[in-house]
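These notes concern the structure reproduced below.
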């Protein structure tokens, strides 16, 4: 009777939350993330004392901060994986709006820490880089838009999302941060590609990107200097690239030994952009290959799981997150081995950096939430396909 | 696939008739269509995701591969920055024909500073200034206390200086190994060796590159890592070279010449046994090239190879040889020598009046310009050009010096008969002493062409025939007569049967015309006359011999005595047995053995 009057008591699907989470989440990828974080701490122990010494902190100051931010990142990640895709989407859109606003405020109240690019907000305990937090929000939002545009009588989400991407790229280019800008463009391109881009448009985009790169090369001295440094055949051993390449050579296959490396003393960005050089020098090729393997596992497993996903939004947003994550790791490592020109991009989860770490946690949390196993109508699928 | 109609009218109409709500059917229909759309999208996405996955896999693989390649390669710098790192001799030695060292490498050190590691920059700066007087202590202090992290102090320091710097005891003063080129014989053969300097330079090593002479010309061979320890063996004979240079330097001083050159060449295969040019320099400390004025005034200028001069009467023998070779004349044909000889507005004179006529032999012996000009008229310009060209007088010599290709003989623009006539006695065209030596060797060695070379020839070389054996022999006889009773009597060295020709040419003024009192005096000859082994060319620039009542400038008084002294000194060193009376030959041979 009570139920007839007040409606039934809301009940879950019958399975408790945590066991269901454990059953459906991509445990392998999650383990890889944890291992990567561990490696990051390990390398931080080696790479950051010189910097701490230079800046007058205790030797493991940066490691302690890394542990703190890493904890925050992991909590954010677990929280995200627990959420349903709808909740994730909601949070992502809100997060995007906030970080977009924050980025617009950067030119007025941001700081450049003397590095020539206004990317940070200086707050009490450290600094925040809003562009890092913007990325996952942007990707989810774009995924939603493109997915919606594929619905019957849906909005023209592809055009909207492209306009949004351009706006973000413009903001990033103003900082200037061409690395993040290209990453944003790449993320949009990947989702558009998976969302069903016609091939002539793909070709057009490829052309636009190269033209944009040329423009950036001509227009920005900061950018041109880095490209020139890369294109000159003989790498000057006194540049960051030269040090990094030499460190990898010194390391060989098994490394020079824990704490024995020297590159961290000469590279100002040893703990962030060139952490892979520290890894290669002290632990050798083995650790580097292991790191590459971990990244590849996360990305390829995610993509494989997304292939079976029926919901277009989840598929698109998940693809965008996974590919951006992969791209960021790849760009960072390619710079160290001189496949790409020098580019300020952190190695997700391994490099030191509060914003990058927490944002990475959020990003991976979203991805793991999207790649959770859910019923996909496999039986029906099978029947329909075999009927054809 | 069959399209699901937007509104399944048939079913809706049926439902209406049955009184059911048709909206449910419509919604169900929409849902089915939506589902079908999603399926289609997913299939397309599946393929594209697969592509993405493969792309990323490849990219990760590529990064891994590149990382492995990098890890497997050697570091750019040696692991230890210490000076003890082994440095392999990167440049081959140069030796003379008997294996005596002309150029070798010495490991020295360069000195640099890393101010961040310095303990007491000021004290170090002052001590450094005390060790190296050319350094300024105040400047060093400024450098060491400035922002720079790396400062070159000295490119090359000696072991003693290194020890002294070491004793300062500052960890910020560091040494980088430097292979340097050392010429242990100093000035000897300076122009041939040239010199070497540093090319690309790093902290721990520097590339040695040749800057001039054979070091530059043979740079690739010398720095070829595949060469190993095999030295480059030159045709020079160090002892003979030393003797020639010494005699030439003395002769130059005695004859008040401002420059001198000498070439001693193997007449049979063109090997240069000695080649000197004075003034010279020390290749260990190569002077800077002149920035203004005539580069020929610089000690770096190789007069024997780079200097092109009008070589005067030494050319007469070419006209005589060609005329005899082409059977226009024989050695006893009478040639009209009545002077002066007028051609257009040009008049050709002899130094002395030789009477109405001379035989061809005497034209050479007495060195008659008019007689030679008449012989040239018989030959004609075209054939003369052809003959001189075959003797190698028209193109740069191919000798292994970087300077050689630049030394082009100066030729008249047109080659009319008057040019043929003046060139027949050595005026109107200029060539280097090396050209002359090569042409003499080709003409007098039995008539086969030789190419001058500084590298030892392993196998005997025999070029094409330029003149017949017979002509060649007659020319040697002519030249022997010149020494016995002609203009070069001072060249007679007992036992070595010298044959040769003098040449005295007025020096051309830069603004045109000729100086009255400046000459190039040349002696070109071969010895022994009956078995041509060596060709010698001695050239003096502006000699004047003042022992007599009036200054004498002709080659017979200047270049010839110097050449005779060269032969007197060099011939025994070359192992040439002096020809003695037949009865004594046996004894001499035994003594040699």
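Backbone N, Cα and C atoms are what each Cβ position is placed from, and that goes for glycine too.
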Out of A:141-159, A:160-178, A:236-254, which range is noted as transmembrane segment by TrEMBL? A:160-178
Tell me, please, if the transmembrane segment (A:349-370) and the transmembrane segment (A:190-217) are in contact, taking contact as 3+ Cβ pairs under 8 Å between residues separated by 6 or more positions? no
Considering only Cβ pairs under 8 Å, which range in A:28-47, A:160-178, A:283-304, A:316-337 makes the most contacts with the transmembrane segment (A:67-84)? A:28-47
So, do the transmembrane segment (A:316-337) and the transmembrane segment (A:190-217) meet, by the test of 3 or more Cβ pairs under 8 Å (sequence gap 6 or more)? yes
Kindly say whether the transmembrane segment (A:28-47) and the transmembrane segment (A:283-304) touch, using the definition of 3 or more Cβ pairs under 8 Å where each pair is 6 or more positions apart. yes
If you count Cβ pairs under 8 Å, which stretch among A:91-110, A:190-217, A:283-304 touches the transmembrane segment (A:160-178) the most? A:91-110
